[in-house]
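Quick look at what Swiss-Prot annotates:
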DOMAIN    76-249  domain 'CRAL-TRIO'
DOMAIN    275-383  domain 'GOLD'
MOD_RES   K11  N6-succinyllysine
MOD_RES   K51  N6-succinyllysine
MOD_RES   K253  N6-succinyllysine
MOD_RES   K257  N6-succinyllysine
MOD_RES   K393  N6-succinyllysine
Amino acid sequence: MSGRVGDLSPKQEEALAKFRENVQDVLPTLPNPDDYFLLRWLRARSFDLQKSEAMLRKHVEFRKQKDIDKIISWQPPEVIQQYLSGGRCGYDLDGCPVWYDIIGPLDAKGLLFSASKQDLLRTKMRDCELLLQECIQQTTKLGKKIETITMIYDCEGLGLKHLWKPAVEAYGEFLTMFEENYPETLKRLFVVKAPKLFPVAYNLIKPFLSEDTRRKIMVLGANWKEVLLKHISPDQLPVEYGGTMTDPDGNPKCKSKINYGGDIPKQYYVRDQVKQQYEHTVQVSRGSSHQVEYEILFPGCVLRWQFMSEGSDVGFGIFLKTKMGERQRAGEMTEVLPNQRYNSHMVPEDGTLTCSEPGIYVLRFDNTYSFIHAKKVSFTVEVLLPDKAAEEKMNQQGADTPK
């Protein structure tokens, strides 16, 4: 039994009745607490009454704290409205709304420098509520229950800039909020035009996703347009994605419905850095350097780093060792990222590097040019691994099955 209205086992029927009784005190505060709504929370917690009740009560608190009932009338700041990519466009064959996330042109760093994380998260909450409102309207229009959405993730242009740690952490907060407060609303998620970096990016966000959500993700191959047309009618799919829908002015991307983002002009910036915690702090003596080694076992891994110095600049470069087991000078190693001086005492530095071959990579903080001052450097370095299942999926031509 699926645990949905009209397909409940006697045990599930009993659980639903008991659940309604247990949470009857909070039901009047919720927009539409019908059986469909209550079953979403039960399915999300495998019909465990205690866990389902705890989840729903936490959601009621969330709605109160974030003033969710009035969120649709709230207007996000101008920079978010103009540059946060994505949008709702059309319906799938069952009448469920379709939401597009456009990853490539998203300027994550620019958004976090121009808007507060709270406003960005609030905008995503507002999007969720607008989608639920659209489901209610579709239910009335079609005369059948619509309670889920289809998502299309356009990953063309996904790059190292999108792996910036504060951006990934902010996106993780949104995914956690979505999982905790909008359970069982995702019907399926299509990933299209995924580049080689996708398995690394997916591995970063996977911990924030429930098993159920992961099963609904379909990474599509070269035939992605054909696959989308099996789920969405051509007149409901933009020309850009293989359908026939255009804007009134003929634009094939349907830009009146989908925001395609873009680089944010610096005049919007309200800060030039995001506060970060660092895992290590070292003192680099005058006239010397400090090396940190990381073993990379296979190609495609990504090194991600952030660092800051105190009082003065510091040199930084990345090298690949040519001999194992012994410390090597910079000149004896293969230079991967050229050494240069960074004003990291003024603005913290961050970066990423895709490792094209296995070996021992050395991140070197250079103070050899300073004969007077030692440098205090705080840093965090991580090795980001690709998700193997996603990688295998992408290696299969036209992979289009849930992982």
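Heads up, residue numbers simply count up from 1 along the chain you see.
Here the Cβ of each residue, glycine as well, is placed from N, Cα and C on the backbone.
Shown here: features listed in Swiss-Prot, placed on the structure.
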residue : record            : contacts (Cβ under 8 Å, 6+ apart)
K11     : N6-succinyllysine : F47
K51     : N6-succinyllysine : R45
K253    : N6-succinyllysine : P238, V239, E240, D247, Y260
K257    : N6-succinyllysine : G87, R88, C89, G90, D247
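For K393 (N6-succinyllysine), other Cβ atoms within 10 Å of its Cβ number 24. Summarised as a single figure, the pLDDT of the domain 'CRAL-TRIO' (76-249) averages 98. With DSSP classes pooled into helix, strand and coil, the tally for the domain 'GOLD' (275-383) is 3 helix, 61 strand, 45 coil.
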